[in-house]
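Presented below is the structure to which this report refers.
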Amino acid sequence: MASSSTASSSAQLGLGLGLGLGAMGGLGLLLPADREHDPELEPCSPPKGVLRLRGAVQHYEWGSRGDASLVARLAGKTEEGRPCAELWMGTHPAAPSSLASDDGGAVSLREWLARNPAALLGRAVTARWDGDLPFLFKVLSVAKPLSIQAHPDRELARALHALRPTTYRDANHKPEMAVAVTEFRALCGFVSVQELKDVLRTVPEVQMLVGKQDVVKLMTAKEHDGGIGVRSYLQSAFTKLMATSKEAVAAAISKLKSRLNGEIKIRTFTEKEQLVLSLEQQYPGDVGVLSAFFFNYVKLSPGEALYIGANEPHAYLSGECVECMATSDNVIRAGLTPKYKDVQTLCSMLTYKQMFPEILQGVLVQPYVIRYTPPFDEFEVDCYSLPQGESVTMLPVPGPSIFLVMTGEGEIQADGMPDEGVAKEGDVLFVPACTEVKLHASGSGCLQLYRAGVNSRFFC
């Protein structure tokens, strides 16, 4: 089990981006001069062909249903009564993508990549990630809040997988990034020292469960003191809250509701109070309702993105997003869920950093293309938005890509395309390393696609 200081250091990754604009408005990579002839980065052998994929739908209970679910619309499953929560595009064995074929064959993307990983993934990617796709690409349709959760760093992931392989099904870390498609709400990271003091001063139900000793320590902490002292106080207080008995939590929530019902006549509730009451209706008696006071309440507008490193607490609340992450399904939960809760592990692993998360607006890297670059080697996400009649070219890059057509119609031209290259809503394509892709919006409106690929900084 990682200590908070170990978790913090493993979650720290540097930023880097080496981009250049190629001919014809295409996107290329600028390589340092001393690596121009590195065999790992030499132009690849002829590509083995673009593949159409069939993503896997996950029917978690928190997902949207029918036409209200973007996942259902993209997957053509709007008639199903079940919730359509996530669309997975990648190689993770929990829900691997398969090759789309008319003969109904069930060859998985993972199996196909294993036949020639160096040519399909690129030599550098194959060597770094053992011949597997390093990222998992998703679409989420969130109708009901997900659990209070965190994802382990590599060291903790290996330990948990060895200890409980049926619960923690792989040994990889899981940094992730969500790009909002609609307005998207989430809890992420711990609030500042000052905001936490406000919570302890104005929410007696939380103060009661945390205990007088920790309340005093936190109330006397200084805003600028972000060192071990404040983090240890916060860890102690948060752990006491999350470990509180069900009966005590239920009693505290009941007192909170009664108090707020009496105060509604004389004041307007804060956004956090409104959120907490909403969470209580969906997860009555759950400690996650009270823990929400400890977290930043984040609202993303369409086109904004949020990235989350290892050992950081968060919970997606509502909305639809494109999500990309390292290839892992490790989730450690502690609230807002009927699933298994590993409270001790979650409380011991967190970094306890107190800051509002960085919101990415994306960077225009060529006409009609915005890039979102998190501080993780495994992935980046591009959003292509082509007006009717416009075209754009992605020059060859030394790593694989997965494209998802979100809206509109158009044409995709690339070496080895298995068909006429028509692109329509819901299409998913795997593009091998070193493959040039040309996109053209030929429909009546805008053609919007998302691309997931290995972070460009990895190749610099």
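If you go along the chain as it appears here, the first residue is 1 and each next one adds 1.
Any Cβ shown, glycine's included, is placed from N, Cα and C.
Note that the structure is predicted; figures quoted are calculated from it, not measured.
Record features, source TrEMBL:
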DOMAIN    50-190  domain 'Phosphomannose isomerase type I catalytic'
BINDING   Gln149, His151, Glu176, His314  Zn(2+) binding site
DOMAIN    210-294  domain 'Phosphomannose isomerase type I helical insertion'
ACT_SITE  Arg333  active site
DOMAIN    372-416  domain 'Phosphomannose isomerase type I C-terminal'
Mean of the pLDDT scores, which run from 0 to 100, over the domain 'Phosphomannose isomerase type I helical insertion' (210-294): 93
Zn(2+) site, defined by Gln149, His151, Glu176, His314: further same-chain residues with Cβ within 8 Å of the Cβ centre: Ala150, Lys174, Ile308, Glu312, Pro313, Val331
Other C-beta atoms that fall within 10 angstroms of the C-beta of His314 (Zn(2+) binding site): 23
The domain 'Phosphomannose isomerase type I catalytic' (50-190): DSSP-derived helix, strand, coil residue counts: 37 helix, 40 strand, 64 coil
For the domain 'Phosphomannose isomerase type I helical insertion' (210-294), residues assigned helix / strand / coil by DSSP: 62 helix, 0 strand, 23 coil
The domain 'Phosphomannose isomerase type I C-terminal' (372-416): DSSP-derived helix, strand, coil residue counts: 0 helix, 25 strand, 20 coil
